[in-house]
Amino acid sequence: MAFAELLEQVGSLGRFQIFQIVSLVIPIMCLTTHNLLENFTAAIPPHRCWVPLLDNASASALVARGLGPDALLRVSIPLDKHQKPESCRRFLHPQWQLLELNESAPNASGAGTEPCLDGWVYDRSDFTSTIVSKWDMVCDWQFLKPMAQSIYMAGIMTGAVICGPVSDRFGRRLVLSWCYLQMAISGTCCAAVPNFSLYCCLRFLSAFAVAGIMMNTGTLLMEWTKTQARARVMTINALGFSFGQALLSGIAYAIRDWCILQLAVSLPFFLFFLSSWSVWLAESARWLIITGKMDRGLHELKKVARMNGKKDIRDTLTIEVRSGAGPMSWTSFPVRPHRSRGRLSPQVCLGFTFYGLALDLQSLLSDIFLVQVLFGAIDMPNKMGAFFAMNRLGRRLTQAGSLILAGLCILANTMVPQGEPGEGGPGAGWGRAGLSLPPGTPVLPRMTAVGGGQTTARLGSILGPLVRLLGQFNPLLPLIIYGAVPVVSGLAALLLPETLNLPLPDTIQDKKKEDDDVIVLPSRMEAS
């Protein structure tokens with residue numbers, strides 16, 4: 001019999017699945033804090049050049065003569081086009097005449113200026129410390145922040161490439177546990193690094209683990225859940241990312257030092273590593289049976305049956321597993337070219353647009369904590385609404401509509417002075433992308449295929465933060481690019497095959513038959 005029938009007998013949506021969802025989604029909430037962590041740990045505080053009149057011992061003597069800090073700032077730092085002190089320039093010499101000028105008198109626009117040769121002074125009222133203030137990632141070095149974000153996304157891409165095939169080879173649970181541990185160690189060590197290069201290396205390793213956690217979590221949830229409940233379970237998983245965004249805002253509001261904040265979101269993964277070996281987190285029996293590990297697969301099925309209160313089927317389960325469910329044959333799988341092209345464009349677009357906007361919250365509103373909460377709050381009803389849309393309209397139309405709507409909202413923001421660039425649409429797209437790929441992919445290469453989808457998504461994620469640098473030439477240029485890409489990608493998503501209510505194929509032979517529109521049961525390997 002097919003594995004779906006076995007799963008129905010031991011319980012496809014019972015106590016075990018509830019414990020599994022809780023134990024897997026809680027780490028996902030904490031995982032999201034790492035994806036968007038640099039909105040706070042790499043926040044750019046207000047800054048100005050270090051100047052002797054204000055920032056050394058002579059300043060106190062001048063203040064004693066009746067010259068306050070505002071006056072000393074006026075003669076030391078030129079004003080920008082908004083009549084605010086420049087962040088990256090200072091006068092070559094103090095412009096004392098400016099203290100005597102009135103509003104109608106000429107200003108010091110002709111006075112000589114120079115870069116901040118002696119460093120910067122940072123406003124620490126919002127954040128006591130960030131990596132920007134620690135390593136002076138401002139002015140001519142401002143490119144280091146988006147570079148660090150792109151390195152993090154490159155780590156996720158690398159992890160997707162490696163963790164996918166490794167999970168198909170050694171199992172989902174083993175790779176998941178290892179990634180929990182790697183995340184805990186690399187994230188914790190990241191809080192104590194002495195230089196920016198080592199920080200980027202550790203963030204790369206953390207991102208590598210992020211890919212393994214995301215992919216294996218989603219796959220375990222799907223492979224232990226019946227087809228009819230799959231969309232609900234994956235929507236709950238997607239909501240974990242939304243709750244994580246709001247959770248990050250609360251933690252960052254309470255902890256304003258980047259080192260302590262880094263520790264706060266990394267240390268819980270030591271507990272997740274230990275809990276990954278608990279009884280309510282089982283290896284995928286579907287994967288075990290397909291790969292010929294019958295005894296282990298049978299053990300996991302019995303454990304699930306016991307937790308779901310199905311103890312009476314233990315003897316029957318043994319006979320059915322050994323006589324009808326496996327091991328199952330598998331051969332090479334010819335992927336249809338048009339399906340691969342259809343998936344590539346939306347995946348790249350999602351990473352490009354989502355992280356290009358979500359990692360630059362400071363440009364939206366002055367209260368970055370409020371913006372982060374709003375992003376999470378918008379994402380929750382958006383994903384729940386998308387769940388109902390998927391069941392009525394299907395995956396393809398829901399994803400295409402989410403992408404096009406997101407792009408139009410972003411483009412609309414180019415016509416207003418300030419606004420929130422429609423993050424809800426990309427958030428829905430992430431949920432749809434997570435449901436689009438796995439249902440049509442057989443068990444054995446499923447993680448490899450999921451890894452391929454994550455890889456293409458991270459190609460966009462790497463480029464997304466770097467596009468913000470184009471704002472130096474035209475402030476609207478990044479928004480135009482971020483908005484145009486989802487619209488084009490949404491149209492391309494219409495080429496995707498529909499997967500609504502399709503069962504998970506157990507073998508590649510099942511998938512080949514499905515492509516020929518023939519439904520068959522999995523075949524047994526001929527005795528050698």
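Glycine residues also receive a Cβ, built from the backbone N, Cα and C atoms like all the rest.
Per TrEMBL, the feature transmembrane segment maps to 147-166, 178-198, 204-222, 234-255, 261-282, 476-496.
The transmembrane segment (204-222) is in contact with the transmembrane segment (147-166), judged by 3+ CB-CB distances under 8 Å for residue pairs 6 or more apart in sequence. Long-range contacts of the transmembrane segment (261-282) within the same chain: residues 16, 19-20, 23-24, 26-27, 30, 33-34, 37, 40-41, 173, 176-177, 180-181, 183-184, 187-188, 190-191, 206, 220, 224, 248, 251-252, 255, 300, 303-304, 307, each at least 6 residues beyond the stretch ends and with a Cβ under 8 Å from a Cβ of the stretch. Same-chain residues lying 6 or more positions outside the transmembrane segment (178-198) and placing a CB less than 8 Å from one of its CB atoms are 27, 31, 34, 131, 135, 137, 144, 148, 159, 163, 205-206, 208-213, 216, 258-260, 262-263, 265-270, 272-273, 276.
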